[in-house]
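Copied over from Swiss-Prot:
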ACT_SITE  88  active site
BINDING   188, 189, 190, 191, 192, 193, 194  NAD(+) binding site
């Protein structure tokens, strides 16, 4: 066993505090595939979660990420009212360098070998066209194109759900769900953030954006000239008069550096795992910053892919995603009742649903 193998095993057995049911290490030498599939829980039903294609620095980092992400999917699916547990997959490597049809087909065979215990979908670095390829080897694939029996890109409903979470946050904090005149900062205007900006503008918000990809910023500012762009996330979170901060890129946006200087009164965004470490939710509460739990408000996408399994209906999905408004308000009420941060309140509600199902 190599030193790298030992590192992966150490991560699996000593860093897994979430009690995962199954972790599968996948390797196909012919295509260059290296992937990890993690099933956190099947208490509510088959594990459901996307496939992330990312150039992790080490295999240990990939394993740690998939454990964290799959656990988060259990909570997300529970809070979304879905009959699914939580799972996730990561493919290790730069998708722009190594993604190929053969690699995706090999990955599909690994997912298929689980016999339906895990259902995959798109995530960072994977797209509808990729799921169409995976589906050729695996029927437990969602996020496919409409012409291949799927629902297409889920970013539209994800953005809609985040918007509902923002409206609920505004209702809770200011007594009015309207965002008219509120200044909202969106960090990351890619697949989801771009659609979120449109909802915000339609509701009358003043929008400030940033993104590491200049082309994403240019797309938004070209389509919406009223949008203000700033250089980076640090500039965004320090924006004077910012009411709401929406992290919509990768996780860990709320950390020991960002929280102390954050000017917003609300955090509500599409990114997964926004809290960099345990305790950040308390830091936010200590600064009287209202945090809408990420896995609750960004559940629109998983609502869509779950619906795809029964024959996708957009109106049915949108109606379910609109309930994120009420769910978010219920979390804030539970947090106040129990004297805990909203993130802890959401966890308690999700854990109760999973416990009741066992």
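Every residue, even glycine, has its Cβ placed from backbone N, Cα and C.
These numbers come from a predicted model, not from an experiment.
The Cβ centroid of 188, 189, 190, 191, 192, 193, 194 marks the NAD(+) site; residues of that chain outside this set whose Cβ lies within 8 Å of it are 155, 159, 186, 195, 196, 197, 211, 216, 248, 249, 270, given in sequence order.
When the alpha carbons of residue 194 (NAD(+) binding site) and residue 88 (active site) are compared, the span between them is 24 angstrom. Counting only residues at least six positions away in the same chain, the Cβ atoms of 153, 155 sit under 8 Å from the Cβ of residue 191 (NAD(+) binding site). Comparing the recorded positions 88, 194 on other C-beta atoms within 10 angstroms of each C-beta gives the minimum for 194. Across the structure, residue 189 (NAD(+) binding site) and the residue listed as 'active site' are spaced 23 Å apart at their Cα atoms. In this structure, the binding-site residues under consideration are 188, 190, 193, and the one with the smallest number of other Cβ atoms within 10 Å of its Cβ is 190.
Counting only same-chain residues at least 6 apart in sequence, those with a Cβ under 8 Å from the Cβ of residue 192 (NAD(+) binding site) are 155, 158, 159, 162, 248, 270, 298, 301.
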